[in-house]
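**Q** Not my notes, these are from TrEMBL:
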type: ACT_SITE; residues: TYR65; note: active site, proton donor
type: BINDING; residues: HIS128; note: substrate binding site
type: DOMAIN; residues: 23-300; note: domain 'NADP-dependent oxidoreductase'
type: SITE; residues: LYS90; note: site 'Lowers pKa of active site Tyr'
Amino acid sequence: MTQAPVELSPKFATKSGRPLSIGVGTGTKVKDLKRADASNSESIIQTLKLALDSGFFHVDTAECYTTHPEVAEALKRSSKKREDLFVVTKYIPPGNVFFEQKSTGAHNFVDLALEELGTDYLDAVLLHHPFFKPDIKPDLETAWKDLIEAKKLGKVRHIGVSNFRVEDLKTISKISAIETDNDASYQPAINQIEFHPYLQEQSPGIVKYCQENNILVEAYGPLTPLFRVKEEEKDHPLTGLLPELSAKYDRTPAQILLRYTLQKGILPITTSSKEERIRQSLEVFDFSIDQADVDKIDSVGSTYKLRTFFIGLF
Ligand SMILES: NC(=O)C1=CN([C@@H]2O[C@H](COP(=O)(O)OP(=O)(O)OC[C@H]3O[C@@H](n4cnc5c(N)ncnc54)[C@H](OP(=O)(O)O)[C@@H]3O)[C@@H](O)[C@H]2O)C=CC1
Ligand SMILES: O=C1Nc2ccccc2C1=O
C-alpha cells in the first residue's frame, strides 16, 4: 500500500526521499516506563518488527521509554535499509520519576541514542516536554541549544519538540533565530502532541499556531476514543458516530480516526500488537472522509474532553 501523506509537510522524508508517513510508537507498550520491568522486551521487538515488515517506516521512541535497545534489535531484524527509515527519539528533561536517566543533557543524549539505536544519524530528535524543573540543570534553553548543535554536526536531520505550548515554541524559536543567524532550518520542525476528537487542542491554539508556522503536528493517542474512555462512561458521544462512519466508508472505527487525523493535517503515531490492526492502520491512504463528516467528528468530539498524558500540567 502506498503511504501517500495527505499534503502534510513536504520537507519531511527519509534520507532516500520517501515522504514521511504514519508512525509506529514504542512508548505505550512499556510497563510503567520502567526498564527493570521490561519483561516484555521481546514482545516490543516483535511488535515493531511486524510493523516494519507490514510497511511502517517511521519509528517513534524516547529516552524514557527505555526502548532504544528493542528498536535497534527490530531495525536489525527487519530487512529495511537505514536510509528508507525515519527514526525519531525524544530527550526527557531531567528530574523525572520514571527511570534512571543515563544522559546528563541533550548533547550526550544524542550520542547515547546514536549508540543505543545503532545508527550514525537520527531523522529527528524532540524535547519530550517543556516542563523543565527550575532547580535542575539543564534548562530548556540549554537543551534546545544542544539540539541545534547536534543538527549542525549532522547527527540529527530535524529538531523538534513534544507537548509544547505556543509560548514554549516562541521561546525556542527566538533561541534558534539568535543561534543560527535566522536559518529557518533550525526552527522547531515538529510538535508531537496528544490529539484526537476528545482533545483537539492539547493547549490553547496549538494546532493552528504550528500549522501556520510550518511546524508538523504529530498526534499521539489518535485512537483514544476507542479504548481509553472509562468503562462507566461507555456511552460517550462518538459511540454512535464512529460505527455510522465505519459503515458508510466500509472501514474500521480505528481507520476512521486515523484518516480523520490525517485530514486535519496531523500525522498520527499509533501502535498495535496485533497483525490485523497494524495492517489496517496502514490502509488509510486509499479513501477519504467527506469534509462534512470531518466537521461532524470535530463538533461531536468537542462535546467531551479526555486527556490521558501530562494531566494537570497544561
Ligand atoms: N510524546 C509523548 O508525550 C507521547 C508519545 N507517545 C507515542 O505515541 C505512540 C502511540 O501512542 P498511543 O497512545 O499508544 O496510540 P493509539 O491511540 O494509536 O493507541 C494504540 C493502542 O490502541 C490499541 N488499538 C489499536 N487498534 C485498535 C482498535 N481497532 N480498537 C481498539 N484498540 C485499538 C492498541 O492495542 P492493541 O495492541 O491491543 O491492538 C494500542 O495499544 C506511543 O507508543 C509513543 O511512541 C505516546 C504517548 C505520549
Ligand atoms: O508513550 C508514552 N507514555 C508515557 C507515559 C507518561 C509520560 C510520557 C509518556 C509517553 O511518551
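FYI, residue positions are counted from 1 along the chain as it appears here.
Backbone N, Cα and C define each Cβ position, glycine as well.
All annotation found in TrEMBL is predicted automatically rather than curated by experts.
Given the structure is predicted, the values throughout are model-derived calculations rather than measurements.
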**Q** Under 8 Å between C-beta atoms and at least six apart in sequence, can you list the same-chain neighbours of LYS90 (site 'Lowers pKa of active site Tyr'), or say none if there are none?
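**A** In sequence order, the residues whose Cβ lies under 8 Å from that of LYS90 (site 'Lowers pKa of active site Tyr') (at least 6 apart) are THR61, ALA62, GLU63, CYS64, VAL125, LEU126, LEU127, HIS128, SER162, GLN192.
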**Q** What number of additional C-beta atoms lies within 10 angstroms of the C-beta atom of the residue listed as 'active site, proton donor'?
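**A** A count of 26.
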